[in-house]
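The next block holds one structure in the form of structure tokens; read it before the comments.
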């Protein structure tokens, strides 16, 4: 009996299709449920990269990896502020913006869209300069950073200090549900502490002063049509790029937002941020803001050192990086699929489980699917 007992135990431990009921043997059928593939599977990641328009989808960042581990892997020179390189970005932005205004003034009507595209991209460089100032990575003189940051944001009608406070929260809470201010509003109670309110008021006053003085001067010299040509259309171009950069940097079907209990800083900053390559002229005018993963690892890295830092990441943490080259399939995935948070799928489209939205239906049919 001992032998049969051991045999029967081994049978049951192997979850065989034989069982005993009321002292009698009977055969039952068992169907193994398919195991859903995960991002730990290289072939699955490769399949998703092709489907979503990525060049690489990184494997999940292990929970024992700390953000400090990644920061400590950078060479020290990536944190060094080079005043010549910093002010060179200012020269590039000012010259390219002035050149854009000149093109707008001389271009026939049918070439105006090209001139607007150039000028809108050039003025995006002003944002990147102010962005560096806000992160204290433009100059070792903090007063200069505040002045340059405020001036750089004026043509964009952006109050520098309120944006800086909100943007700091985005970095602290990247891809955290509700708390990430890149996509969610700051709750009233956490808006601006009393110690920051005077700086916020100064920033707002500067923006309103620019509008009150700059806009009437433009209209006086060029008329309403000139205001549209020389300011509004480039400004809309700037917002196109800021919306595109922000979406691409943090939005993909496989990148989750997590609640505060399950959030991990290394997973969010290293594995939840996307590096995307754009045509080189865009990267030059926008001062490499698209080299975004190292910026999320440490905001102290100046924009002129982002490429060096990114090479370090590829060398030491390359298997975890999400990388893409801008393409229509990538944008189509984001614009038609990544809408509503879903705990299991990360994102579902607005019309999930409903009749197809007319707007989304048009986008799905019209937008190219070329990688």
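Using the three backbone atoms N, Cα and C, a Cβ is placed for every residue, glycine included.
Range with TrEMBL annotation transmembrane segment, chosen from 67-85, 86-104, 143-161, 162-180, is 86-104. Segment annotation: TrEMBL labels transmembrane segment over residues 110-129 (candidates 30-49, 110-129, 230-249). In TrEMBL, the annotation transmembrane segment applies to 202-220, one of the ranges 183-201, 202-220. Between the transmembrane segment (110-129) and the transmembrane segment (86-104), three or more CB pairs separated by 6 or more residues in sequence fall under 8 Å, so the two stretches touch. Taking Cβ pairs closer than 8 Å, the transmembrane segment (86-104) reaches residues 111-112, 114-116, 118-119, 122-123, 125-126, 128-129, 132, 138-139, 148, 152, 229-230, 234, 284-285, 287, 302-304 in its own chain, all 6 or more past its ends. In the domain 'Fatty acid desaturase' (197-320), helix, strand and coil residues by DSSP number 89 helix, 5 strand, 30 coil.
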